[in-house]
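Trainee: The S-adenosyl-L-methionine binding site annotation in Swiss-Prot covers His13, Leu15, Gly40, Glu61, Asp85, Asn105 and rests on sequence analysis.
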Amino acid sequence: MKLVKPKKFLGQHFLKDLKVAQDIADTVDTFPDLPILEVGPGMGVLTQFLVKKERLVKVVEVDYESVAYLREAYPSLEDNIIEDDFLKMNLQRLFDGHPFVLTGNYPYNISSQIFFKMLDNKDLIPCCTGMIQKEVAERIAAGPGSKTYGILSVLIQAWYRVEYLFTVNEQVFNPPPKVKSAVIRMTRNETQELGCDPKLFKQIVKTTFNQRRKTLRNSIKPILGKDCPLTEDALFNKRPEQLSVQEFIHLTNQVEQALKVPIEPVSQIENP
């Protein structure tokens, strides 16, 4: 069976350490009754341990060479190997609208986009695990006051409990990346309603962190208008990295009450 050559433009770094693959596979065990979707299986190093769990497993892979390899290596998965771009998929159709666990050795170049899609489908994904760049994992798990605390931290922690599980050395990949990796698990918290307008919440989080050196007074003024009395609140003396998720929710409610003009659509705010 011909091996697949990693493609740089797809951000492929194939995992070759079986112990690490087994450890990643075991992170899905917190939801033993749910089906599993693996993103970016490559040559199936992680897949081989997922299928042993005797659960419905589907894999989605955009690389046609990897798909051909998987179909030959895992004939029992034939009907569940999906050649597609995960970011463009309708996840409602995957398991007939039922929830599932998301996992994978995620490509570095789209990991943030994967997690934004997870947030858009949070009612379908009660648990997301997998391996990403260590720096991104630290950002997601960071708390207020940390230099790595940012947009992903707040948006994900609003809906998920984040666990930084373990760090992975560069040498367990082919080719070795230039940075370390980490395995994380994100589990849906008890939040059903955010307690504020979710679109405005997202807009405020992105707007303030895109100007993270400014105080909230200066970063929010373009939204509220320079003469809005709300900016006299002491909260506006803080910078975004000083605010907890709950404080961002409180801020969103204050801004919503003060707004006199239509809100700029979130789609026009640039992703990090």
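Quick reminder: no glycine exception, Cβ is built from N, Cα and C everywhere.
How buried are the listed features, and what sits near them?
Mentor: According to DSSP, Asn105 (S-adenosyl-L-methionine binding site) is assigned to a strand segment. Sequence-distant contacts (6 or more apart, same chain, Cβ under 8 Å) of Asn105 (S-adenosyl-L-methionine binding site) comprise His13, Leu15, Ile24, Gly40, Pro41, Gly42, Val45, Leu46, Gly130, Met131.
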Trainee: In the structure shown, with every protein chain counted, which of the binding-site residues Glu61, Asp85 has the densest set of Cβ atoms within 10 angstroms of its Cβ?
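Mentor: Max Cβ neighbours within 10 Å, all protein chains included: Glu61.
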